[in-house]
Amino acid sequence: MAVDKLPLLAKFEPVSLVGLVLLSGLFLLLTASRKSDLPLVNGKRPFEFGIAKARQRYLKNAHNLITAGLAKVCNSAGAFRIVTENGTRTILSPNYADDIRSHRDLSLSAALVKEHHVNIAGFDAVKVTVTSDIIQDTVRTKLTQNLLNITEPMSEEATILLKEQWTDNTDWHDVALRPKTLGIVAQLSSRVFLGDKVCRNPDWLRITVNYTIDSLMAAAELRLWPEMLRPLAARFLPKCKKIRKQLEEARDIIQPVIDERRLAQQEAIKQGKPQERYHDAIQWLAENTKDRSFEPAAMQLALSTAAIHTTTDLLGQTVLDLCGRDELIQELREEIISVFKDGSWDKSTMYKLKLMDSVIKESQRVKPMAIAKMARCAEEDVKLSDGTIIPKGEIILVSCSKMWDANVYPDPNTFDPHRFLKMRQPGSDQESFAQLVSPSPEHMGFGFGKHACPGRFFAAAELKVALCHIIMKYDFKVADGCNPQVLKSGMRLAADPFAKIAIRRRQEEVTF
């Protein structure tokens, strides 16, 4: 007989809860890793009895703290520790990027496990990423190999969405930028991940947009509890309950599509007809899993979690960087007209949009989504090439400081839309380095090493499709009275979520 265990929580005596807390604390002490000897840049100050103030200083001023930390250790190890909202982390100079890019004892999966409670119900989208290679295989092979097949459908979706949400109004009118860019990216991504039957489903779009944020908030809620109590606490914490409900809703939306396709395939086999193939992630995941079990809803949410908010942020920042640069917008229009004068989307289209590629890469360089990347957890004590020791259990990140280094980029604090285009001129040996999809220690917008974002080729294609439609179909500028500012919180940087732009429909010179 099934028993609802939730009411049991109310029956715990206070002394029992205290006992569990004490036991969990003892467990942490007994299993704790040995302490790092690296300097701490934002420890407790005099008369501070905890690290709450240190966390506040980190959230408000992480960029300066990391810059100061790198300056302090530049003549020694090039590594230091910093108190974050999730505990103490080790920050490495970008000079270590090659050291750790493929180190067998430094694990991305282990870092995700420590950060995201993957064994608790509701966090299934993270769990399928760290416990299986299906997602990574699907993105690296099927998604990247099918870019030519999915570009035209994304363009069709952009036409539908812009007409509906950006409208054909030829008068200047103000719109909130983030909801507009989020709508584009969510719908274009969903067209690729789930096909045309689901990509415009408002319930799916709501879930796919909200699950990422809600799961991060749920993870933050759980971190307030001792680790041993988190599975119990997750039963009643509001955000944890919310993401479990979203996962169930996702299953209810996706499973009928899978069932319908399975029946159609069985019928085709019965009649001796060829089975219909689909250019979407439902098909690719099924092909990649073969005999392996998988959770379709969790995997679809994993794809959305990885793709939507990151691409939305870069699209929004790029649009803001274009605002007020009318000559640059005209240059981009001329490039688009030149590329599309002889036809539509084909294998060479994305490569030919070199100025657009440079603009996006420069937007990402000036304002990436984080000032430190390459998160890894040491699964053993790790000795780096210069002798620096990373203790077992320590989570490390690599600073992105070379992205603003004057020795790498002249006038690094200035947005130069032609910076990477100039590197791709005939005879240059920087053609590969200068492309948007090329990660390096000098440009870690998509990370670096074997865990560099596997979906960066798709993201680049999606961004270019969206920008082609926006640039050709609309005039746009920052709305009167709006002064967009980068939102900073800890190591995270976000395009101004409250920014408004003024837009008006224009007659495009080419159609897609």
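Just so it is clear, glycine is given a Cβ too, placed from its N, Cα and C backbone atoms.
What Swiss-Prot says about this protein:
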type: BINDING; residues: CYS453; note: heme binding site
type: CARBOHYD; residues: ASN86; note: N-linked glycosylation site
type: CARBOHYD; residues: ASN149; note: N-linked glycosylation site
type: CARBOHYD; residues: ASN210; note: N-linked glycosylation site
type: TRANSMEM; residues: 12-32; note: transmembrane segment
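With ASN149 (N-linked glycosylation site) as the anchor, the candidate recorded positions are ASN86, ASN210, CYS453, and the one with the nearest CA is CYS453. In the shown protein chains, 19 other C-beta atoms lie within 10 A of the C-beta of the residue listed as 'heme binding site'.
There are 13 other Cβ atoms within 10 Å of the Cβ belonging to ASN149 (N-linked glycosylation site). A distance of 22 Å separates the Cα atom of ASN210 (N-linked glycosylation site) from that of CYS453 (heme binding site). ASN86 (N-linked glycosylation site) sits 23 Å from the residue listed as 'heme binding site', counting Cα to Cα.
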